[in-house]
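Visitor: My structure is below; once you've seen it, I'll send some questions.
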Amino acid sequence: MAESSGSWRDSYKGMSSDNIKGLVLALSSSLFIGASFIVKKKGLKKAASTGTRAGVGGYSYLYEPLWWIGMTTMLLGEIANFAAYAFAPAILVTPLGAVSIIISAVLAHIILREKLHIFGILGCALCVVGSTTIVLHAPQEREIDSVIEVWNLATEPAFMFYASLVIGAAVFLIIRFVPQYGQTNVMVYIGICSLVGSLSVMSVKALGIALKLTFSGTNQLFYPQTWIFTLVVLTCVVTQLNYLNKALDTFNTAIVSPIYYVMFTSLTILASVIMFKDWDRQNGTQIVTEICGFVTILSGTFLLHRTKDMVEGSSVILPLRISKHINEEEGIPLRRQESLRSP
């Protein structure tokens, strides 16, 4: 018994200072973005009372200060999220995006008077448990002294193979599947967003590390690799924005959000494990615990989104495809969809 206790202490050395910084930034990001959904929705409702609703093509919300406060809050959250990747591994930062769902659900219940059902409360609890599990067992951030080191990791055969598969699969979906199945199968648009998104997060992390080192006195801006990562970020984000908006415009958000969260987060973790070798610094118990934490978050996310379909305690099955104009006043979606979604 004493030996097993000692081995556990040896395997768990606590969180590094960088991981703590990344955790604080990620949680701050979730707080800002989760709150921004509520503020923006209040602004949209206020604007709709005096002008044309956004869901039917109106832009009166642009004259509503409350909506702009919400957008500013969301921008602060995205900046904090960007900074979090510079300090902590993607395995820690990315799953914590689910915390913003909890913030949104609770604030919607308090401020917007949107009923939070018992299963929604259970979903929030599962997200908290899963997030805590991942935080306590996340790997330490890799020590990197130059953007060249990140470039070397990105150009290793394993990650190059992964990146080639991702790009090939995304191009194949765009060319062959989008024209035929884009409007009928939700997995087409979400698949493109998730594949490209995993590469965008790796590039965002590389760019964040470069900026962190630059601000600490080691200038990384004169390395061409820094600008290559910047170009990749811009290309990937534009692609994500395009196909995510298509998905949200075509399908019900209650369907898009959980599927996208599962695929995006899973592929991002896989990309991080391959590129930064996060799991090489952990034992089997820690890895399995992290996976269990992630599955717990997924379960909570599913429950939260299912409660959107519950009216007066009865479950209503929504059609797979629904007009964005009908669904404009729907519940609070996941941060990564809404942060890229057009108003």
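Every residue, even glycine, has its Cβ placed from backbone N, Cα and C.
According to Swiss-Prot, the feature topological domain 'Extracellular' maps to 1-18, 137-157, 211-220, 276-283. Residues or ranges marked as transmembrane segment in Swiss-Prot: 19-39, 67-87, 91-111, 116-136, 158-178, 190-210, 221-241, 255-275, 284-304. Among the features that Swiss-Prot reports, topological domain 'Cytoplasmic' is placed at 40-66, 112-115, 179-189, 242-254, 305-343.
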Visitor: Across the topological domain 'Extracellular' (276-283), what are the DSSP residue counts per state (helix, strand, coil)?
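Guide: Its residues fall into 5 helix, 0 strand, 3 coil.
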Visitor: Using a Cβ-Cβ cut-off of under 8 Å, list the residues of the same chain that are 6+ residues beyond the ends of the topological domain 'Cytoplasmic' (179-189) and lie near it.
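Guide: Tertiary neighbours of the topological domain 'Cytoplasmic' (179-189) are 173, 243-244, 246-247, 250-251, 255-256, 259, 320-321.
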Visitor: Within the same chain, where does the transmembrane segment (67-87) have neighbours whose Cβ lies under 8 angstroms from its own Cβ atoms, ignoring anything closer than 6 residues to its ends? I mean 6 or more beyond.
Guide: 18-19, 21-23, 25-26, 28-33, 35-44, 47, 61, 93, 97, 100, 141, 201, 204-205, 208-209, 211-212, 335, 338-339, 343
Visitor: For the topological domain 'Extracellular' (137-157), what are the same-chain contacts with Cβ under 8 Å, counting residues 6+ beyond its ends?
Guide: 12-13, 15-16, 18-19, 22, 87-89, 91-92, 163, 202, 205-206, 209-210, 213, 218, 220, 223, 225-226, 228-229, 275-279, 281-282, 286, 289-290, 293
Visitor: Thinking of Cβ pairs under 8 Å, which stretch from 19-39, 116-136, 190-210, 221-241 has the most of them with the transmembrane segment (284-304)?
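Guide: Highest pair count goes to 116-136.
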Visitor: Using DSSP, how many residues in the topological domain 'Extracellular' (137-157) fall into helix, strand and coil?
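Guide: Taking each residue of the topological domain 'Extracellular' (137-157) in turn, the totals are 10 helix, 0 strand, 11 coil.
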Visitor: Checking distant contacts: for the topological domain 'Extracellular' (276-283), what same-chain residues at least six beyond its ends satisfy Cβ-Cβ under 8 A?
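Guide: That would be 11, 89-91, 137, 139-140, 142, 153, 205.
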